[in-house]
Amino acid sequence: MGNCCRSPAAAAREDVKTSHFPASTGGGKKKPHQARNGGGGGGGGGGGGWEKKRLSVLGEEGSEVNGGIEEKYALDRELGRGEFGVTYLCMDRCSRELLACKSISKRKLRTPVDVEDVRREVAIMRHLPRSASIVSLREACEDDGAVHLVMELCEGGELFDRIVARGHYTERAAAAVTRTIVEVVQLCHRHGVIHRDLKPENFLFANKKENSPLKAIDFGLSIFFKPGEKFSEIVGSPYYMAPEVLKRNYGPEIDIWSAGVILYILLCGVPPFWAETEQGVAQAILRGNIDFKREPWPNVSDNAKDLVRQMLQPDPKLRLTAKQVLEHTWLQNAKKAPNVPLGDIVKSRLKQFSRMNRFKRRALRVIADHLSAEEVEDIKDMFKVMDTDNDGIVSYEELKSGIAKFGSHLAESEVQMLIEAVDTNGRGALDYGEFLAVSLHLQRMANGEHLRRAFLFFDKDGNGYIEPEELQEALVEDGATDIMEVVKDILQEVDTDKDGKISYEEFVAMMKTGTDWRKASRHYSRGRFNSLSIRLIKDGSVKLGNE
């Protein structure tokens with residue numbers, strides 16, 4: 001149902017202390033949710049018709065607030081936005097406690113399934129026992145326009161964003177995070193709940209401290225289950241989806257698979273199964289080949305790799321349970337796990353935008369040159385706003401101050417990568433072309449057609465491969481001087497089958513490395529999943545109910 005209580009709350013806390021919130025109901029801002037229902041109190045049959053047919057979502061799971069949510073809570077700035085709802089910083093008018101309020105517009109609950117999802121989310125959050133690792137629900141209520149879930153405020157940001165900022169964790173830190181995630185899974189399973197949407201974005205840190213508690217959020221896709229019960233509905237996020245979900249025959253074991261995917265990402269910075277298309281991702285999951293050859297895996301302990309393998313066991317009957325994961329040698333000896341920052345390798349991939357990324361940047365420039373004016377209009381406007389002295393480049397300082405103006409549109413991870421791209425630019429600034437290339441990389445604007453066109457640009461002889469000479473030629477055009485060394489580094493990183501040249505698949509993999517897979521992991525609709533499932537059945541990748 002979308003993330004709650006995202007990190008801008010930390011800044012908001014100071015604003016609250018300086019009287020952003022009204023002291024009384026009458027002084028508050030307009031009630032945003034009442035206005036959304038389209039049947040306001042202004043008159044005519046429209047309003048009356050809505051009242052007669054008013055949708056009651058929560059039933060016994062919640063309470064009515066006839067005067068609107070702001071009778072009890074003062075709403076402030078927006079903290080996050082999901083498919084169905086918006087999360088606001090809010091304050092309890094009586095206790096003055098700062099909380100998060102996820103408001104789900106009733107207009108977006110178009111089907112009985114949507115309504116049931118919200119009702120079940122509340123029921124599950126009430127059903128699960130209090131835990132330091134699960135965000136607590138304070139109140140669930142509804143008014144004419146929306147359902148409101150008031151919960152504790154988490155100010156430390158997403159696990160997702162910390163992974164991006166660091167590149168990846170040390171083994172010791174990854175073990176601590178994995179333990180928390182699997183303890184949440186164990187608690188859910190013991191109480192008859194499958195989470196069904198475990199991913200880094202659905203874990204928030206309570207505060208900004210390094211040792212902050214990690215909390216699970218968003219039970220919007222969770223479901224109650226009984227021992228032996230199987231489900232067929234395809235839900236979740238593609239990169240974290242277990243193979244039996246795609247086969248439409250699954251149980252609680254899927255949460256262990258998703259936790260295994262998160263562990264893999266914590267250790268190396270990218271997911272184990274990914275491809276250019278949704279169907280490609282699904283087929284990679286069904287194949288189940290896990291890459292432990294690429295850096296930094298040679299430096300990861302055998303115990304860590306063993307746990308990843310057992311959590312990503314394709315057969316759910318053989319996959320570890322939550323209890324078995326917690327008893328695994330690697331987690332049992334977590335305090336002895338290597339504390340060496342493995343992240344230097346992956347973080348440097350994200351940070352540099354040089355060496356391998358010099359080639360990638362060249363490819364992005366090729367793509368940018370062929371984009372329509374409409375496709376780059378927003379990026380061009382952003383560049384103009386940030387280039388305050390109109391000198392045609394965005395300096396480090398201009399970028400930092402400009403980010404604040406666009407803060408609501410850029411995730412922390414994107415901000416971090418933009419700044420780091422400038423740091424390693426050489427001149428400490430971005431011209432428009434470089435800014436456009438970085439933005440393309442961050443916003444995942446390069447689709448299959450764009451990538452194919454860029455590949456053909458480099459594959460001068462049309463033999464289906466980018467060979468060292470062609471790579472050399474491309475880098476000469478881009479002004480590189482240490483060409484032979486750069487070509488060697490690029491091939492070392494991109495040429496995964498070590499045949500001395502870059503195939504289209506390897507080129508696409510290079511272009512996808514970075515933030516794009518994270519963008520793609522956000523909520524996918526049931527309709528798209530059903531279409532994907534049909535395609536997989538038609539091409540023979542999946543046989544229904546086949547484990």
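Just so it is clear, glycine is given a Cβ too, placed from its N, Cα and C backbone atoms.
Other Cβ atoms within 10 Å of the Cβ of ASP197 (active site, proton acceptor) number 22 in total over all chains. Summarising the annotation, Swiss-Prot assigns active site, proton acceptor to ASP197.
Feature annotation from Swiss-Prot assigns ATP binding site to LEU79, GLY80, ARG81, GLY82, GLU83, PHE84, GLY85, VAL86, THR87, LYS102. According to DSSP, GLY85 (ATP binding site) sits within a strand segment.
Non-local neighbourhood of ASP389 (Ca(2+) 1 binding site): GLU398, each in the same chain, at least six residues away, with C-beta under 8 Å from its C-beta. In the three-state DSSP scheme, ASP389 (Ca(2+) 1 binding site) falls into the coil class. As annotated by Swiss-Prot, Ca(2+) 1 binding site applies to ASP387, ASP389, ASP391, GLU398, with the evidence given as sequence analysis.
Counting every protein chain shown, the number of other Cβ atoms lying within 10 Å of the Cβ of GLU434 (Ca(2+) 2 binding site) is 21. Swiss-Prot lists ASP423, ASN425, GLU434 with the feature Ca(2+) 2 binding site, giving a curator's inference as the kind of evidence.
According to Swiss-Prot, the feature Ca(2+) 3 binding site maps to ASP459, ASP461, ASN463, TYR465, GLU470, an assignment based on sequence analysis. Counting every protein chain shown, 19 other Cβ atoms lie within 10 Å of the Cβ of ASP459 (Ca(2+) 3 binding site).
Residue density at ASP497 (Ca(2+) 4 binding site): 10 other Cβ atoms are found within 10 A of its Cβ, drawing on all protein chains shown. Classification of ASP497 (Ca(2+) 4 binding site) by DSSP places it in coil, neither helical nor stranded. Swiss-Prot lists ASP495, ASP497, ASP499, LYS501, GLU506 with the feature Ca(2+) 4 binding site, giving sequence analysis as the kind of evidence.
Per Swiss-Prot, the feature compositional bias 'Gly residues' maps to 37-49.
According to Swiss-Prot, the domain 'Protein kinase' annotation covers 73-331, on the basis of sequence analysis.
Positions annotated as domain 'EF-hand 1' by Swiss-Prot: 374-409.
Swiss-Prot lists 482-517 with the feature domain 'EF-hand 4'.
What Swiss-Prot lists as N-myristoyl glycine is GLY2.
Annotated region 'Autoinhibitory domain' per Swiss-Prot: 337-367, in sequence order, evidence recorded as similarity to another entry.
On a Cα basis, ASP497 (Ca(2+) 4 binding site) lies 44 Å away from LEU79 (ATP binding site). Nearest to ASP461 (Ca(2+) 3 binding site) in space, judged by Cα atoms and limited to the binding-site residues GLY85, ASP387, GLU434, LYS501, is LYS501. Neighbour counts of Cβ atoms within 10 Å were compared for the binding-site residues ASP387, ASP499, and the top value is held by ASP387. Annotated pair LYS501 (Ca(2+) 4 binding site) and TYR465 (Ca(2+) 3 binding site), C-alpha to C-alpha distance, rounded: 6 Å.
ASP197 (active site, proton acceptor) sits 17 Å from GLY85 (ATP binding site), taking the Cα positions as reference. Between the C-alpha atoms of GLY85 (ATP binding site) and ASP391 (Ca(2+) 1 binding site), the distance comes to 41 Å. GLU470 (Ca(2+) 3 binding site) falls within a helix when secondary structure is assigned with DSSP.
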